[in-house]
Amino acid sequence: MVKIRKPFLIANWKMHKTLGEAESFCRDFLPRVKDGGRVDIAICPPFTCLFHVKSFLASSPVKLGAQNMFWEEKGAYTGEVSPVMLVDAGCELVIIGHSERRIILGETDAMINCKVKAALQYGLLPVLCVGETLKERQEKKAKEVVRKQLQEALEGVEKTENLVIAYEPVWAIGSGLNASPEDAEEIASFIRGLLADWWDREISSRLRILYGGSVKPENISLFMQKENIDGALVGGASLDPYSFAEIVRLSVYA
Ligand SMILES: O=C(CO)COP(=O)(O)O
């Protein structure tokens with residue numbers, strides 16, 4: 001199948017890696033992904049490693065991203081990091097609304113909406129995460145939940161191509177239990193349909209929708225073969241340079 005959208009593979013390291021470990025990853029990973037023409041690749045390290053990782057990415061096609069940010073430019077917000085600071089550290093993208101932040105840290109759809117708007121305002125590509133819990137899936141509410149999360153996150157956001165949506169069912173994250181490629185495709189296609197209704201079909205057909213949740217070299221091709229899945233947001237398997245490089249390689253040839 002020929003897709004018009006370029007595959008996008010994003011490593012979300014979550015709260016893993018010291019400076020030394022990040023450096024060692026870069027030394028092993030970057031020589032394996034020299035050809036950036038056919039796929040977009042990004043690494044999202046913890047804040048403490050951003051600037052250091054950027055120094056290794058200078059001559060590579062790999063982009064730098066953050067895992068979160070606050071929406072204000074500066075001020076008395078102890079512990080927060082602003083979009084301006086992320087751009088300054090070399091970031092091009094930022095993950096917003098990850099389920100771990102929603103569930104463990106109490107992030108609301110309204111906060112996520114502020115973050116999406118701030119990312120766009122400061123020139124960062126928002127990677128907006130949505131996805132249902134196991135209970136919601138069992139109650140057949142997956143689409144309803146995803147629709148509400150998307151609607152609230154994009155409230156007041158002008159139609160734009162500078163957006164990536166990551167469908168990450170909560171029960172598939174870090175569990176080893178990936179969603180079936182068919183279930184993931186059903187939701188990805190639902191998301192594309194919503195964006196076509198809310199914005200327009202042209203923009204919606206160009207937006208990249210990623211799947212996330214227990215992606216590994218053994219299953220990436222199955223997801224990439226689906227019409228509406230344009231890549232993956234990878235947690236655990238992105239911590240190992242060889243496994244993430246293999247995921248990138250397989251995503252191009254699926
Ligand atoms: O949360 C994820 C990526 O953001 C997925 O994590 P795992 O790949 O470890 O399941």
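Including glycine, each Cβ sits where the backbone N, Cα and C put it.
Record note: TrEMBL gives ASN12, TRP13, LYS14, GLY174, GLY235, GLY236 as substrate-binding, and the candidate from SER189, SER214, SER221, SER251 in that site is SER214. For the binding-site residues shown (GLY174, GLY235, GLY236), fewest C-beta neighbours within 10 angstroms: GLY174. Sequence-distant contacts of TRP13 (substrate binding site), defined as residues of its own chain at least six apart whose C-beta falls under 8 angstroms from its C-beta, comprise ALA22, ILE43, CYS44, PRO45, PRO46, CYS49, GLN67, GLY235, SER238, LEU239.
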